[in-house]
Amino acid sequence: MWKLKVAEGDKNSPYIFTTNNFVGRQIWEFDPNAGTAEELAEVEEARQNFYKNRHQVKPASDLIFRLQFLREKNFKQTIPQVKVEDGEEITYDTATAAMKRAAHYFSAIQASDGHWPAENSGPMYFLPPFIFSLYITGHLDTVFTAAHRREVLRYLYNHQHEDGGWGIHIEGPSSMFGTVYSYLTMRLLGLGPNDGENNACARARKWIRDNGGVTYIPSWGKNWLSILGLFEWAGTHPMPPEFWMLPSYFPLHPAQMWCFCRLVYMPLSYLYGKRFVGPITPLIKQLREELHTEPYDQINWRKVRHLCAKPDLYYPHPFVQDVLWDTLYLATEPLLTRWPLNKYLREKALKQTMKIIHYEDQSSRYITIGCVEKPLCMLACWVEDPEGVAFKKHLERIADFIWIGEDGMKVQTFGSQTWDTALGLQALLACNIVDEIGPALAKGHDYLKKAQVRDNPVGDYTSNFRHFSKGAWTFSDQDHGWQVSDCTAESLKCCLHFSMLPREIVGEKHDPERLYEGVNFILSLQDKNGGLAVWEKAGASLLLEWLNPVEFLEDLIVEHTYVECTASAIEAFVMFKKLYPHHRKKEIENFLVKAVQYIENEQTADGSWYGNWGVCFLYGTCFALGGLHAAGKTYNNCLAIRRAVEFLLQAQSDDGGWGESYKSCPSKIYIPLDGKRSSVVHTALAVLGLIHAGQAERDPTPIHRGVKLLINSQLENGDFPQQEIMGVFMRNSMLHYAQYRNIFPLWALAEYRRKVPLPN
């Protein structure tokens, strides 16, 4: 039986290090002897229910850890379920009952260290590179046991489409990228070419070959296939490591890149520069025959470089980019790989690149910035020294990425511990029932205090192209180390709330100096346009986006500014100003003026705001309205709020709720769910947005209708149903935030009960 372990790690191991006693760490362990017959039956029932409904609801309900936590805490919902009949008014008591039921359930799924665990996955390309890297290094069998393999295969079977393929993400249509990666994972885990549940391998292979074969995989896939020996490096775009030796102000230096893009390019440029290829095993030779539509030794690698399957092509390469690739391929790279440049320049560039890889690994305790980068950095360390300490430290941190759900084993981005906790605590605080949920609040407060980043990246971080991180909060845990603006703003809001509550209930308030450090970090990221970036200050030319080589993602070359991050910062600073009016007062006031102007400028023609990190216009609009409301803007004095209200009211469905398709994200146009269905998360976001906009003072009917749907959707134990996927990054890659179905409905119910007049 699988069990989630929290805040644990081998403190005696020389290969793992923690900055705060592993607070926030969440790892899964399999115990073949654990679990009663009843507990095992519960887990199996959850798996079977997911399988039966897998084509209707793609994201898992995250039941494996929830069943464990509810069982360990002996949770029983004691508040009777409530429903609102047609024509019936929602009373204060009804709203209170629904809110308390949600709050008590949510408190019960809190971890012992105070954070809220959850799945944060969804893309089908997260897991396979871990398999690839471990296969190449010979550690696949030791890291992924038979129990792991069963869950990986369960995940692949559950998310295979009826046409045999897999999408870029779990809700997307079949793609070459997702299908090739999933097929290779099954084969490397030991399945034969015609094995797998429901003939999984044969169906996948047919989809690949019917769509042109593996030469049509996007560029990221071409890189990994070259590493595996299923492609030739001659069929990929050049990634010369010499770019790391350019002056950092040079437009094409990686320092100008968005941090995730920079840290993918970093190990890839090392592996490309060495032309590294893993062992050509009999299985690799067989896979060459299975995946290519012509004999491997007859493929014209130069001609396949620009190929991309139609289902994967979201961002076609501009002509200028193809010219750059061809110049590097035909002129630059042949020079760099011949004597004397290969001896003096290339070797020096490889050493410089590896030095930066080691720096980034050490700064993140070998977690790295994310799951795409992790297996590449781990492999680069192994290529440099198969017996080296760096590689062994990487192995110790693989567990930090693994997540088990009723749909199987997947790989996380890197965990959303702090983000989910900061939002969830605000939802609980809005309930105003401190006496009932005091222990959950106290533990959450303690977690946030321990999760704040206390130091900057190690050593001379500026020469390694890093922004300072001291005082920030991360998306995941403190060990991860990567500062995030909206996570900092939301965590700061929580700490400020807690400072106004009795210490005997929620614990000692956070040290003001630590709060000042958080404020300083947020201030450092405001752009000249007034908006806030996420990780590092924006400022590189947006023209560099023309060089985006990733065919299925957009806006990933340079750092941008975002409405959601800016709105979160506005709310945090307005609150901070009231409690600490003297710290950088003038700078905060200037920040707020520019930030409000930025949000107003970013509003779309239909009155909504595009959501960069959630689906999509409803998500962005909720955050934007929260920021404008905090800044003192109202329906009467702000045209942007009036236009936003009009958008929300027009988007309301006949059942009283709201529901938006993930397709809004890539299309950048509001698209409702099929049949104008509603979802509890979108309904909650819209209700919160309308409350921010003062709709209750004008006509509360739309809010009542939305809350009625929330109350009637609540499950018997206080949970809410899992529905569509709700997160996104880079326009076209969706993320499953499993806690959103609890956090936002709870928050909406709490604000509704506090701010909308209701009959007793």
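Cβ atoms here come from the backbone N, Cα and C positions, even for glycine.
Annotation comment: Swiss-Prot describes D486 as active site, proton donor, evidence class similarity to another entry. The Cβ of D486 (active site, proton donor) has W419, L532, V534, Y562, E564, C565, S568, A569, W613 as same-chain neighbours under 8 Å, each 6 or more residues away in sequence.
Residues or ranges marked as repeat 'PFTB 1' by Swiss-Prot: 99-141. If one looks beyond the repeat 'PFTB 1' (99-141) by at least 6 residues along the same chain, the residues whose Cβ comes under 8 Å of a Cβ in the stretch are 4, 6-7, 23-24, 26, 59-60, 62, 65-66, 69-70, 73, 75, 77-79, 81-82, 152, 155, 159, 166-171, 175, 177-178, 181-182, 184-185, 188-189, 220, 224, 227-228, 278-279, 371-372, 374-376, 378-379, 382, 386, 391, 395, 398, 401, 403, 405, 409-418, 420-421, 424, 427-428, 431, 433, 436-437, 439-440, 443-448, 450-451, 477, 714, 717-720, 725, 727, 733-739, 742-743, 745-746, 749-750, 753.
What Swiss-Prot records for 149-190 is repeat 'PFTB 2'. Note on the repeat 'PFTB 2' (149-190): its mean pLDDT in the predicted model is 99.
Taken from Swiss-Prot, the feature repeat 'PFTB 3' applies to 441-485, supported by sequence analysis. Sequence-distant contacts of the repeat 'PFTB 3' (441-485) (same chain, six or more residues past either end, CB-CB distance under 8 Å): 18-25, 110, 112-115, 248, 254-255, 259, 262, 356, 359-360, 362-365, 367, 369, 413-419, 421-422, 424-425, 428-429, 434, 491-492, 494-495, 498, 501, 505-507, 510, 514, 516-522, 524-525, 532-537, 565, 568-569.
Summarising the annotation, Swiss-Prot assigns repeat 'PFTB 4' to 515-560. Here the repeat 'PFTB 4' (515-560) has, by DSSP, the following mix of helix, strand and coil residues: 16 helix, 2 strand, 28 coil.
Here Swiss-Prot flags 592-632 as repeat 'PFTB 5'. For the repeat 'PFTB 5' (592-632), residue counts in helix, strand and coil come to 25 helix, 1 strand, 15 coil, using DSSP.
Under the heading repeat 'PFTB 6', Swiss-Prot lists 641-689.
Marked as repeat 'PFTB 7' by Swiss-Prot: 703-744.
Residue counts for the repeat 'PFTB 7' (703-744) by DSSP state, with H, G and I taken as helix and E and B as strand, are 16 helix, 8 strand, 18 coil. Long-range Cβ contacts of the repeat 'PFTB 7' (703-744) within its own chain (Cβ-Cβ under 8 Å, at least 6 residues beyond either end) map to 57-62, 66, 70, 75, 77, 79, 81-84, 89-90, 94-95, 98, 101-102, 104-106, 109, 116, 118-123, 168-172, 314-315, 413, 416, 420, 423-424, 427, 550, 552-556, 611-616, 619, 652, 655-659, 661-662, 665-666, 668, 673, 678-681, 683-688, 690-691, 695-696, 752, 756. Taken residue by residue, the repeat 'PFTB 6' (641-689) breaks down under DSSP into 28 helix, 4 strand, 17 coil. Annotation note: D486 (active site, proton donor) sits in a helical segment as assigned by DSSP.
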